[in-house]
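Chemist: Sharing a structure here in structure tokens format.
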């Protein structure tokens, strides 16, 4: 069985990645200690840097996830700063910022960074299009899930099993798995 260290302190992200990868015979080990995060406007260099930094530090294959919600009416805000905005403002303030906005389109993007010790990092993006709901709906998921609507339901309403089939993270992991299984 392959072992990959997944770097996150987020229990929801870890559970989602673990549940997806275990069906492919990959054991995922959580590493809660983070890494010096680059301040960039794009997710790809952040994920690549993090994966390479931790892979070389732990001397093990490492996967990191950098994700963001990009709201078109807000010029892509909060984007790569989504975690900070969620911590400081929360969903209700994001909804307040969206008051009066007709364009509620948004997308979630995850970039999986993967690196083996001493090698160059690889990145695998995944995107899911949707829109910002008018209010929080659902109790499932985490982060922006209760305000991100996909095909009529928020990620918070979908439940973990259904969300894990269609999420941005799932799409990024699928890209990773396509590469990973082709090299095995």
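The backbone N, Cα and C atoms fix where each Cβ goes, and this holds for glycine too.
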Chemist: According to Swiss-Prot, 8, 9, 10, 11, 12, 13, 142, 143, 144, 145, 163, 168, 169 bind substrate; which of 67, 182 is also listed for that site?
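Modeler: The record-listed residue among the candidates is 67.
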Chemist: When neighbour density is defined as the number of other C-beta atoms within 10 angstroms of a residue's C-beta, which of the binding-site residues 8, 67 has the lowest density?
Modeler: 8
Chemist: How many Å lie between the Cα of residue 8 (substrate binding site) and the Cα of residue 66 (Mg(2+) binding site)?
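Modeler: Their Cα atoms are separated by 10 Å.
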Chemist: Rounded to the nearest angstrom, how far is the Cα of residue 66 (Mg(2+) binding site) from the Cα of residue 168 (substrate binding site)?
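Modeler: Their Cα atoms are separated by 11 Å.
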Chemist: Which is it, of 12, 143: the one of these binding-site residues whose Cβ has the most other Cβ atoms within 10 Å?
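Modeler: Going through 12, 143 one by one, the largest Cβ count within 10 Å is at 143.
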Chemist: Round to a whole number and give the Cα-to-Cα distance in Å for the pair residue 12 (substrate binding site) and residue 66 (Mg(2+) binding site).
Modeler: 14
